Amino acid sequence: MAHSIEELAITTIRTLSIDAIEKAKSGHPGMPMGAAPMAYTLWTKFMNHNPANPNWFNRDRFVLSAGHGSMLLYSLLHLSGYDVSMDDLKQFRQWGSKTPGHPEYGHTPGVEATTGPLGQGIAMAVGMAMAERHLAATYNRDGFEIINHYTYAICGDGDLMEGVASEAASLAGHLKLGRLIVLYDSNDISLDGELNLSFSENVAQRFQAYGWQYLRVEDGNNIEEIAKALEEARADLSRPTLIEVKTTIGYGAPNKAGTSGVHGAPLGAQEAKLTKEAYRWTFAEDFYVPEEVYAHFRATVQEPGAKKEAKWNEQLAAYEQAHPELAAQLKRAIEGKLPDGWEASLPVYEAGKSLATRSSSGEVINAIAKAVPQLFGGSADLASSNKTLIKGGGNFLPDSYEGRNVWFGVREFAMGAALNGMALHGGLKVFGGTFFVFSDYLRPAIRLAALMGLPVIYVLTHDSIAVGEDGPTHEPIEHLASLRAMPNLSVIRPADANETAAAWRLALESTDKPTALVLTRQDVPTLAATAELAYEGVKKGAYVVSPAKNGAPEALLLATGSEVGLAVKAQEALAAEGIHVSVISMPSWDRFEAQPKSYRDEVLPPAVTKRLAIEMGASLGWERYVGAEGDILAIDRFGASAPGEKIMAEYGFTVDNVVRRTKALLGK
């Protein structure tokens with residue numbers, strides 16, 4: 001170590017981590033003990049951040065992708081002066097504490113992302129770096145480099161084994177994200193044992209092939225060597241950098257260092273005592289921080305951070321004078337607000353016009369893109385099918401970062417995680433598209449978006465067996481039920497173009513949850529009532545889209561998406577036979593469940609017990625709405641390859657079958 005205060009600070013990070021994990025009787029000490037020098041060097045010598053304001057917009061972003069090493073992050077947050085107290089450290093992994101087992105965004109000040117599912121932190125960091133480049137290209141002007149921060153991540157071997165890290169690293173290299181720097185805690189150990197049991201690839205050649213700069217630090221305790229590598233990484237703005245730092249997991253533990261035993265379990269009282277002796281730590285008290293360490297962090301983090309933000313605020317004030325309209329637009333974007341009156345840009349569709357909801361979604365995207373400049377997104381190599389292209393929006397590429405169309409390539413998981421990073425970064429309203437059946441490929445990222453409360457928008461097209469000829473591999477069955485089961489995710493399957501416009505409006509208005517828009521490939525008719533009723537109806541999750549003509553329905557037809565049009569046609573056929581039913585459009589179960597019982601009973605009158613649910617997906621869940629006297633027309637087997645109309649007929653999604661099933665319910 002160059003200076004004793006630096007050695008003391010690093011040892012303090014290590015001992016705080018050891019003590020918190022011992023007290024919790026649970027946790028992962030090995031990574032914080034091994035990676036403390038690189039994290040300390042980054043936080044005190046390179047990162048621009050202000051603990052007094054964790055939300056300073058131009059701060060450097062830091063993602064601990066190896067989220068199991070959370071005590072490394074919590075120790076740094078505490079020492080740096082973030083609102084994480086010593087009592088918080090003592091409550092590590094306990095009910096209601098600020099220091100959960102893995103870092104959680106929105107839960108702990110200074111935590112930039114929820115991590116723990118390995119690989120996703122790297123991909124979220126890629127998304128943050130993408131957001132920084134786009135916003136810099138959009139808003140920076142001569143003399144005003146308002147947005148120019150770096151994005152840093154610390155990852156481990158496990159992160160690099162995950163497929164999402166490969167997808168994201170490939171994308172980052174392609175996009176030449178030079179302000180992205182990943183420190184790789186390379187300790188040759190995984191949870192199960194030595195790394196050579198499962199991982200022997202040449203990481204350097206792999207990342208160089210992706211288009212990254214690769215640097216290596218041989219001694220993970222040598223902070224001068226680490227600092228030199230970080231300087232070199234920051235100097236190359238033409239490509240992202242991976243810095244492999246060779247470390248010893250559980251550094252200093254005389255019996256456990258360098259073994260898998262120190263990865264995911266407390267050291268134990270005796271080993272903890274011996275480790276502190278090995279560190280020449282002379283303080284008997286647990287959770288002890290020498291006053292000079294606090295002073296050191298004040299001098300290296302808090303004071304410089306406050307000055308840097310103050311200087312940035314001065315620059316922003318001058319920018320507001322020089323570019324008032326641009327500055328107002330940026331301020332609004334940072335605050336997550338939409339332009340006044342933007343919803344007037346939403347198209348309204350006349351009854352009778354047939355249009356696939358993926359196509360109306362594409363029209364909505366292009367209409368709102370003109371009114372909402374922070375709209376930014378793309379597709380996983382399906383833009384022409386998902387209809388996600390912003391016409392005239394330009395391409396987000398190394399020579400045109402101001403472009404609004406992102407070409408994610410066939411990297412669904414990286415797309416999902418990068419969208420999370422963009423949403424975490426702020427300043428953008430982001431969306432990503434793929435086929436609904438491939439939502440499985442990005443599901444873990446959707447789950448993290450829901451867990452973090454991020455308003456990401458998913459454009460999921462080709463939503464049923466109506467896909468047809470491509471067959472069962474491309475026909476979603478269980479996917480609606482699966483996504484509906486996820487907490488804090490709004491799933492909307494609109495019936496027509498007006499419901500689609502309403503769904504987009506609700507998705508953009510969301511501030512605390514992601515939205516999945518589930519859209520058809522095939523044309524569907526625009527229904528008579530939706531121009532007037534769609535927004536409030538979709539907002540409430542379900543509504544009577546076509547009431548029984550006599551005002552006294554004998555039965556209810558409940559449907560979503562393209563099946564609503566089918567239900568309306570069946571309603572007409574039943575009426576011709578003197579049977580009166582109401583049609584309920586139920587685009588969003590989660591929104592409907594959030595309504596008061598009085599509204600739910602208004603839409604689904606308890607007295608009308610004969611109910612038929614119609615949906616081209618799994619039946620699971622519909623029983624709560626149809627009740628004991630109802631019936632469900634759904635699909636609980638895989639699809640088939642044939643023209644869509646033929647498959648729908650074979651699976652019973654015809655007017656004749658709906659009429660027959662309804663009459664059977666009524667005993668007619």
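Any Cβ shown, glycine's included, is placed from N, Cα and C.
According to Swiss-Prot, the residue from Ser65, Ser384, Ser385 that belongs to the substrate site alongside His28, His263, Arg358, His462, Asp470, His474, Arg521 is Ser385.
Going through Asp142, Asp157, Asp236 against Swiss-Prot, the one listed in the Mg(2+) site together with Asn187, Ile189 turns out to be Asp157.
Same-chain residues with CB within 8 A of the center of the Asp157, Asn187, Ile189 CB atoms, the Mg(2+) site residues themselves not counted, are Gly156, Asp185, Ser186, Asp188, Ser190, Leu195, Thr247, Ile249. In sequence order, Ser65, Ala66, Gly67, Gly156, Gly158, Asp159, Met161, Glu162, Ala165 are the residues of the chain that are 6 or more apart from Leu118 (thiamine diphosphate binding site) and have a CB within less than 8 Å of its CB. Between the C-alpha atoms of His474 (substrate binding site) and Phe438 (thiamine diphosphate binding site), the distance comes to 8 Å. Geometry remark: Asp157 (Mg(2+) binding site) versus Asp470 (substrate binding site), CA distance 38 Å.
It is His28 that, of the binding-site residues His28, His68, Arg521, has its Cβ surrounded by the most other Cβ atoms within 10 Å. The shortest Cα-Cα distance between His263 (substrate binding site) and any of the binding-site residues Gly116, Pro117, Ile189, Phe438 is the one to Ile189. Rounded to the nearest whole angstrom, the C-alpha distance between Ile189 (Mg(2+) binding site) and Arg521 (substrate binding site) is 48.
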